[in-house]
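Features as listed in Swiss-Prot:
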CARBOHYD  N20  N-linked glycosylation site
LIPID     C50  S-palmitoyl cysteine
REGION    60-84  region 'Disordered'
MOD_RES   S64  phosphoserine
MOD_RES   S82  phosphoserine
Amino acid sequence: MSLLTEVETPIRSEWGCRCNDSGDPLVAAASIIGILHLILWILDRLFFKCIHRRFKYGLKRGPSTEGVPESMREEYRQKQQSAVDVDDGHFVNIALE
């Protein structure tokens with residue numbers, strides 16, 4: 001006799017479980033956690049690009065400019081832009097002496 005026939009048997013035209021511990025709170029908690037894990041995994045696969053792009057680039061917004069005068073903000077922007085212009089898409093080699 002297989003395990004399948006011992007556990008799942010047709011009862012009144014539907015499948016039922018003859019497990020004695022099916023009302024155990026631990027089993028219910030494990031089922032809920034399993035279902036939540038499956039839902040989160042599906043959402044992660046559906047929105048992979050959005051979620052991971054948010055974590056990867058969303059946290060790198062640069063220093064806060066709150067309370068900094070506008071002239072200093074503009075100076076900072078110009079420094080950042082000049083650093084990008086100098087690099088021009090190539091690696092910068094730094095020689096240590």
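Each Cβ is built from the backbone N, Cα and C atoms, and glycine gets one as well.
Comparing C50 (S-palmitoyl cysteine) with S82 (phosphoserine), their Cα atoms are 30 Å apart once rounded. All protein chains considered, the CB of S82 (phosphoserine) has 10 other CB atoms within 10 Å.
A helical conformation is recorded for S82 (phosphoserine) in the three-state DSSP classification. Packing around the residue listed as 'S-palmitoyl cysteine' is summarised by its Cβ count: 9 other Cβ atoms lie within 10 angstroms of its Cβ, all protein chains included.
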